[in-house]
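Asker: When I checked Swiss-Prot for this same protein, it listed these features:
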DISULFID  Cys102-Cys132  disulfide bond
DISULFID  Cys112-Cys122  disulfide bond
REGION    1-45  region 'Disordered'
REGION    68-97  region 'Disordered'
MOTIF     102-112  motif 'Cx9C motif 1'
MOTIF     122-132  motif 'Cx9C motif 2'
TRANSIT   1-16  transit peptide
Amino acid sequence: MPRGSRSAASRPASRPAAPSAHPPAHPPPSAAAPAPAPSGQPGLMAQMATTAAGVAVGSAVGHVMGSALTGAFSGGSSEPSQPAVQQAPTPAAPQPLQMGPCAYEIRQFLDCSTTQSDLSLCEGFSEALKQCKYYHGLSSLP
């Protein structure tokens, strides 16, 4: 006896449905999908600018740390150290003007971090950038 309350004999045998005299109606052609509502997330340009700022900061910190470690392990010499000649990277294509809520702060911080050998001098620009990102909802402060 089956476990359920119905027995197998009480179910009618299913038959395939007879073909309909009318063909099934085709669904109406769909209109263009509605544009998604803005989600409050930063746009592509803002994300690219933030990523570029992070890359530049990481590069600057890496260069400072690398030169500090190299200087510490290379031993002292009586000659003053020669500053490394920095070449500005040549962009393959002209970069569009960065637009975004914190573009000015990003530019100021990047300019400072690329021209100063001591990144502690750029701390004010870093704080201004953090405040701008927080104010515009692009990040949360720790």
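Every residue, even glycine, has its Cβ placed from backbone N, Cα and C.
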Asker: By DSSP, what is the split of the motif 'Cx9C motif 2' (122-132) into helix, strand and coil residues?
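Answerer: Secondary-structure breakdown of the motif 'Cx9C motif 2' (122-132): 11 helix, 0 strand, 0 coil.
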Asker: Please give the sequence-distant neighbours of the motif 'Cx9C motif 2' (122-132): residues at least 6 beyond its ends with Cβ less than 8 Å from one of its Cβ atoms.
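Answerer: Residues 53, 57, 101-102, 105-106, 108-109, 112-113, 116, 139, 141.
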Asker: Within 10 Å of the Cβ of Cys102 (disulfide bond), how many other Cβ atoms can be counted across all chains shown?
Answerer: 26
Asker: How many of the residues that make up the motif 'Cx9C motif 1' (102-112) does DSSP mark as helix, as strand and as coil?
Answerer: 10 helix, 0 strand, 1 coil
Asker: Of all the disulfide-bonded residues given, Cys112, Cys122, Cys132, which residue's CB has the most CB neighbours within 10 A?
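Answerer: Of Cys112, Cys122, Cys132, the one with the most crowded Cβ is Cys122.
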Asker: If you measure Cys102 (disulfide bond) to Cys122 (disulfide bond) at Cα, how many Å is it?
Answerer: 16
